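> My questions all concern the structure below.
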Amino acid sequence: MKTRFTRRMAMALAASAGLMMAGPAAAEEWAPQKPVEMVIMAGQGGGADRLARLFQSIIQKEGLSKMPILPVNKGGGSGAEALRYLKDKSGDNHVIMATLNSYYTTPLRTDIGVNIEEFTPIARMALDTFVLWVNADSDIQNLDDYVAAVKAAGGSWKMGGTGTGQEDSLVTAMLQNEFGLDITYVPFKGGGDVAKNLVGGHIDSSVNNPSEALGFYQAGKLRPIAAFTPDRIEVFPDTPTMTELGHDLVYWMQRSFVAPAGMDPAAVAYYTEMFEKLNATEEWQTYTQEKALMADFLTGQELQDYFLEERAKHDELLGSMAEG
Amino acid sequence: MELLGHLADGFATSLSPLNLFIVIIGVTAGLFIGAMPGLGSVNGVAIVLPITFIVPPASAIILLAAIYYGAMYGGAISSILLGIPGASTAVATTFDGRPMAQQGKAGLALIAAACASFVGGTISVVLFTLFAAPLADIALAFGPAEEFALVLLAFTTFVGLGGDDVLKTIIMICLGLALSTVGLDLISGQPRLIFFDEPGFYSGISFLVLAIGVYGIGEILYTIETQKTAPQVTPAKLTFTELWYGIKEINKLWKTMSLGSFLGFFVGMLPAAGATPAALMSYGIAKLTSKTPEKFGKGAIEGVAAPETANNAASTGSLLPMLTLGIPGSPTTALLLGGMVMWGLVPGPMLFIEQPDFVWGLISSLYTANLAAVLVNLALIPLFVWALRMPFTVLCSLVFVLCLVGGYAPSQKLHDVWLIVGFGVAGYLLRKADYPMAPLVLALVLGPLMEKSFRQTLISEQGNVLAFIERPISGTFIAISVIFFALPLLKHVKRWLKRDLSPAE
Amino acid sequence: MLTADRVIAGAIMALSVYFMWHATVLPIGWNGETGGPGGGAFPFWLSAIMFVCAGGIILRSLREKPSDTEPFFDSDTLRSVVIVTIALVITVALMPWAGAYIALPLFLFWYLKIFGKHGWVVTLAITLGTPVFLFFFFEVTLKILLPKGFTEPYFIPLYARFF
């Protein structure tokens, strides 16, 4: 084992000496020269992490990148750690970051000295949807039943979700504002935890992403009440949308990639093309269908505009939450 | 008998020559990864996962199971040989494994760990096979209140872990719990205890950083001081007679091991609890039920076997909520869960019905991997023991480097490496002043679970503290913890009363 | 021994106060609205217990008679502990700038040759063998990149060869 390693090492050294004499390769066709770090704005095991690792494996399987993409979790402080890290990596061509909505909510909620306008947008891969769920054993069949039940509970209605200030709590706040409800919000560590506690009867409802609740739904343990989307979700054809029911409640979780400020435009073009190819792969398209994701591909300036628009929306939403 | 048919099919696949080869490779790789301080099954699984999309699914599952088991066995190796627990699950193994190694019984401790892991793994795989589906319902009955009660129960096993100095033990528990709150407060979503405004603290202080600092750097500094040139441990030799003797010794431990296996499996099965409390509780119970509790902590073989059976059983148990409920109990199972999703499987109650091939293939792979892991491990023990015979300064320098690199690897932050050096020096000073280390490290692991479930319960129960006692499962657990806590206290009171009375006579 | 005990207990008290000060950023009391303790409660009250216990140790030490006169540190061995600690600090400080592949071999060389007084064969074998092992184990096999600092460009051909 050891001898083989040293021989390979020697060969590599010889190769490196040769390369250095040849000088840098042609500059116009940029390609990563070392493994690319894929920072994930969330901890291991969450939805964002799983998706980022799915991207990594599709990229590896289809050979979309010359160098390996290495996922690194920096989920501390709802992504504050990742944002600060990306800020420090200005001008680095070998770092990309997988984002979720905390990309704008975290800098809005606590001052961490990061302005997301400075970062370089790469590509938006998908929009994840939200659905209102109850335990299948409950008597609640539709939205009217739900609102009546929450009102009857008089403030002791337990809504489970991810950490306070994260997406689930925002959707809950929207729900409360729209129907004038009084809900007790119980934060959990992750979406899977929330779904399990709903099935176990420890909470009364949730606003899980479909992918988190799908297993229980198929086993007949959870019931979708309404979707926070403009159009019906393919996997739940019988579940009405909030818009249909006359309530303007739409909320998405975006799954995008960004890069540090000042990345070489040639590198930006390289990554954008990589994700474009990824977007076209069969695996990704089937996955989005099965998991009720909207594969809504967006790049460049349009993506930046989208980020800023969403940031403004969330600013308002967080403001209304603080008041309520 | 449909079940047996599925299993037989599974075995037929896992015993093909290609798959056997994969198992051996996977187990060996896992063993080395797990034996490295800082690295564990999560690293092995993360590396292999992308490969699994290329090889046939049956082989992919076998490879993953092999790495998973290999790393689990490996965790005990660094605990015993170096006194550095590579994962939180192996902290309890250091209590007696380390003293055994220092007495020159490293080989025996490693054999005990391997055999105990094998027994734990086997019993839990059998339980898994027979009761997977009904047990999932028990996991569902566990809400925040029950989680809190369970962690409290694990905490009571601390009583007696520390030295005789109660004040110092309390300080270390509080320090561990306080350090566990660094980072983000999940309930309010606010950052807290961000010292010096360092972004590195946003993600909190990880168990590995504290353990490598205190047990790795701190321990070596302590040894450098006490014996600068003398060998750190009595050189251990391993012969076949000793191996035979070891296996005979282990044969006497059936009570400890079966208790540990059942306990480990049931605790591991509960989401969010996992293998660390399981190993700890198993150690505590083994000590409580032992005829010679005074030997614990000084190199008792039961003290190695008990946590090792439990943590291996728990690791198998933790696959249950992942498969049936889609909830990962550990970072490794979280990665496996991600893998399953990518293979197009939907974890959840329907998995056993819709994908029997996968489920039973996995279970038979677990059997095979467990068997391969114990054999490879036993075969490699002489090599590990030999490593201990290196001159002390050589071993030290290498362990220092492994601590620094192993501390960097999981998070890839230099911030953590600095913390390791800091904790190392602090740990060295505290140890010199007779502060116990185990309560500190375990409090850091259990702290977040405890705080989170405590506050979740109070939020959902509108501040009703009695909720913990009113619910049957959590009430029972709390009652048991009170008894556990009171037992040693009563002994103290008795002794104190006697001492007070005796001069009066 | 007694003095050292007091100094360490005093340091723990100072640390507790520092923790408590940090914890007060978030509510530390029982929060009537959400029905549970606030975000700062756990760290605050745990540190408070720590403070009281450390105070107890100091009080206890005042009552105790200085029975053991054994010094806390043995001046000779203390020297080696301090030197090793300094070497570790320098090694970690070098890592971001010079990279792990310079800092760690330097540390090994110093530890084995100068501190441990080993022969050249052992020293060189370990000093040169360890980085090779680290590269192949961590970077090539586990895909965990170690810090490189200014040595980064020299690794590009290696990446091209092995990834």
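The backbone N, Cα and C atoms fix where each Cβ goes, glycine too.
Curation plays no part in TrEMBL annotations; they are all automatic predictions.
Taken from TrEMBL, the feature domain 'DUF112' covers B:20-442. Sequence annotations record features per position, and here TrEMBL assigns transmembrane segment to B:46-69, B:75-95, B:107-132, B:138-162, B:169-189, B:201-222, B:262-286, B:325-346, B:358-380, B:386-407, B:414-430, B:473-490 (among others).
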> For the transmembrane segment (B:75-95) and the transmembrane segment (B:386-407), does the number of C-beta pairs under 8 Å, pairs 6 or more apart in sequence, reach 3 or more?
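In this chain the transmembrane segment (B:75-95) contacts the transmembrane segment (B:386-407) - 3 or more Cβ pairs sit under 8 Å.
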> Can at least 3 Cβ pairs under 8 A be found between the transmembrane segment (B:46-69) and the transmembrane segment (B:358-380), with each pair 6 or more apart in sequence?
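As far as Cβ distances go (cut-off 8 Å, pairs 6 or more apart), the transmembrane segment (B:46-69) and the transmembrane segment (B:358-380) touch.
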> With an 8 Å cut-off on Cβ pairs and a sequence gap of 6 or more, do the transmembrane segment (B:414-430) and the transmembrane segment (B:138-162) reach 3 or more such pairs?
no
> Would you say the transmembrane segment (B:386-407) and the transmembrane segment (B:262-286) are touching, if the rule is that at least three C-beta pairs must lie under 8 angstroms and be 6 or more residues apart?
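Stretch pair does not touch.
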> Of the stretches B:169-189, B:201-222, B:358-380, B:473-490, which racks up the most C-beta pairs under 8 Å with the transmembrane segment (B:138-162)?
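The listed stretch sharing the most Cβ pairs with the transmembrane segment (B:138-162) is B:473-490.
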> Would you confirm whether the transmembrane segment (B:358-380) and the transmembrane segment (B:473-490) meet the contact rule of 3 or more C-beta pairs below 8 angstroms, pairs 6 or more apart in sequence?
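Between the transmembrane segment (B:358-380) and the transmembrane segment (B:473-490), contact is absent.
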> When the pLDDT values for the domain 'DUF112' (B:20-442) are averaged, what is the result?
84
